[in-house]
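Swiss-Prot lists these features:
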- ASP13, GLU51, ASP73: Mg(2+) 1 binding site (BINDING)
- ASP13, ASP138: Mg(2+) 2 binding site (BINDING)
- 4-146: domain 'RNase H type-1' (DOMAIN)
Amino acid sequence: MTEKRTEITIYTDGACSGNPGPGGYGIIILSEKKRQELSGGYKLTTNNRMELMAVIVGLEQLEIPSIVNLYTDSKYIVDAVTKGWAKRWRANSWKRNKKDKAMNPDLWGKLLDLCSKHQVEFSWVRGHSGNIENERCDKLAVKASQKLDLPSDLGYQ
């Protein structure tokens, strides 16, 4: 008998002032039993790294393999996962093609590993269009990016 997987909904967003510049991410995790909000930031990073970090940190919170409905306003993430780009980049030693390297291989590797543990359905939501949970994630991300004494994003530098 197989164990029924828990269904989880995750909303994520990343923000960066300057790109590169100080950045942050915001996450909302919804389950049958609770709502959890998380955020964090780095002093020098990019918007795409913060979008990726939001998804990674959200998935890292799940203690058991789960069915995840993940909502992000990052077409970069949705397309790279659903169109198989990220898996191809990894298979090609983190190259997009023969001469161009894939960006953020440290984070893409983590994300692909996490996706192999869970059943993740990625969905794109239009940013700043009134989606309440996405708007809240944006506020969390911006606030996190404005904190003092943010750590370094070692993968970026």
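Cβ atoms are placed via backbone N, Cα and C, with glycine included.
Remember, predicted model here, so these are calculated numbers, not experimental data.
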What does DSSP call ASP73 (Mg(2+) 1 binding site) in the simple three-state scheme?
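It is coil.
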Which residues, same chain and not among ASP13, GLU51, ASP73, have a CB within 8 angstroms of the centroid of the CB atoms at the recorded Mg(2+) 1 site?
THR12, GLY14, ALA15, MET50, ALA54, THR72, SER74, ILE77, GLY127, ASN134, CYS137, ASP138, ALA141
Quick one: mean pLDDT on the domain 'RNase H type-1' (4-146)?
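Reported value for the domain 'RNase H type-1' (4-146) is a mean pLDDT of 97.
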Does DSSP put ASP13 (Mg(2+) 1 binding site) in a helix, in a strand, or in coil?
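In three-state terms, ASP13 (Mg(2+) 1 binding site) counts as strand.
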I'm trying to understand the geometry here, so how far is the Cα atom of ASP13 (Mg(2+) 1 binding site) from the Cα atom of ASP138 (Mg(2+) 2 binding site), in Å to the nearest whole number?
6
Report the member of ASP13, GLU51, ASP73, ASP138 (the binding-site residues) whose C-beta atom has the most other C-beta atoms within 10 angstroms.
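The most densely surrounded of these binding-site residues is ASP13.
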